[in-house]
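Take a look at the structure below.
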Amino acid sequence: MKKRIIQLSLAVFALGITNVLNAQAVKKEVVDWYNGKNGMQTEQAYKLLKKRQSETVVVAIIDSGIDIEHEDLKGKIWVNEKEIPGNGIDDDGNGYIDDIHGWNFLGNAKGENQNYARLERTRILAQLSPKYATVDEGSVSDADKKEYELYKQVRDEVAAERAEYEPYMAQMDQLAGLIEQVPTMVGGMIGKTNYTEKDLNKWKPTDPQGMQLKQLALAISSGRLTKEVLEKQKDQINQMLNYNLNVDYDDRSLIGDNPNNMKDVKYGNNDVEGPDALHGTHVGGIVGSIRGNKLGGDGVAENVKLMSLRAVPNGDEFDKDIALAIRYAVDNGAKVINMSFGKSYSPLAKDVYDALAYADSKGVLLVHAAGNDAKDVDVEPNFPTSMYEFQNKKLDHYLTIGASTRYATVKGQAYGDLAASFSNYGQKGVDVFAPGLEIYNAVPQSEYMELQGTSMAAPMVTGAAALLRSYFPKLSMKEIKDILLTTATSYKGSQQTKPGEETPVDFGTLSVTGGVINLPAAVKAAIALEATK
């Protein structure tokens, strides 16, 4: 799932409102920080590459779609030269008609697109309910017990999530009313009708109500809390209740295939943007938006072509779509595949693994976002994963990425906030961290936005890998992967806030490397390795 709303109670809602996806002025220090000294030091890496020539690298973006007309992606979109546009014929014989810039696995031949989808646990619940909803637990056969336990687990999870989201709608309406009332209430408390943000910061309320009103007033004054913002929150809550957590929602008949049949492959269309390409455009922009044009943030890799594979809806992706998208990417020349999505259940895990193994066998690097649940993926996997229970060893060409910040040190605090508070982690399951907080880049309609997530961290590493491949084509993707890991800036022994908690932890325990990607160091290592070839 590519999107996740910020879960907040009314009492603290205003404090987290900046996480809502709304276009607003971005701070100067945020633009391109991920390419600077507190990020991956991309600019320094390019200085080391000044006299070198580069080759074009094809990067597949398996996501929600990409705005291929975006001003900051001009010349950066992959073109299938073997296909003649618009003739309705599969010219290259790859099974996809008019796949000029990639493929949309969430549409049909009429050009219609599926936007929303259920969470995988909701789909599993819908599938198993007819069999188990009215069954007495004592009558379940030994052969069905494992499946019955799965049914109970997803039933309870869906019920708990619905119970959590349903009260939010009333809270949104209450906040909407407060937006009009708060200025008058606060003005009376501080004795100033036309107060400023400076006045609010000076105000020191002593009671809980006053402190809450101050936070609300600051959010309103700064434009972080508006009726428009609340409407966006309500839309996200409605999406969760009406689509993601609705067992009765039909999220596949429009497409017309059997999502559980890997041989049923004749579906989809060539609309690689789709109805909501915000997430995919941002991800693609991080990898390869035009550098140095002062539009948005600079892409990490300069000489890339982005292949758009739309397979991630507003909800959980289908395993079949992901498996086919991976195979498409490999068969059509991608050297790196970015996968900024994930979920807790994977019904067709073996089919997805087979596709991952296929990419691995062809030397294609797979880069996966660790997930945004502040959980240990060594305990609770985020699928797809580098290590399924039926695997004997990890794939050679697979990286899982956690999200880092620009706050390795915090003034007045004994420990830093280097790991993003939402990021998943794992001493075995997460390989390395990369910038994933306050990332400013492209979104549809040639606009730009600051977003956060491991979804943003993964394309940082995808871009880094593509950059190295571009300038050092003699190196294998396995060698490039190893370079990125061995040259990461180590923070082992450094005390940093543990994601999801308020307590410090050794950053070295959060990933395999205990580090953050360091591109100049990676370039130097690549230069040294190339010299031995």
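Glycine too: its Cβ is placed from the backbone N, Cα and C atoms.
Nobody curates TrEMBL annotations by hand; they come from automatic prediction.
Now, the feature entries from TrEMBL:
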- Asp63: active site, charge relay system (ACT_SITE)
- His279: active site, charge relay system (ACT_SITE)
- Ser455: active site, charge relay system (ACT_SITE)
- 56-491: domain 'Peptidase S8/S53' (DOMAIN)
- 1-23: signal peptide (SIGNAL)
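Annotated pair His279 (active site, charge relay system) and Ser455 (active site, charge relay system), C-alpha to C-alpha distance, rounded: 8 Å. Its own atom aside, the Cβ of His279 (active site, charge relay system) has 24 Cβ atoms within 10 angstroms in the protein chains shown. DSSP assigns Asp63 (active site, charge relay system) to a strand.
Taking the Cα atom of each, Ser455 (active site, charge relay system) and Asp63 (active site, charge relay system) are about 10 angstrom apart. Looking at the domain 'Peptidase S8/S53' (56-491) alone, the prediction's average pLDDT is 96. Around the Cβ of Ser455 (active site, charge relay system), 32 further Cβ atoms fall within 10 Å across all displayed protein chains.
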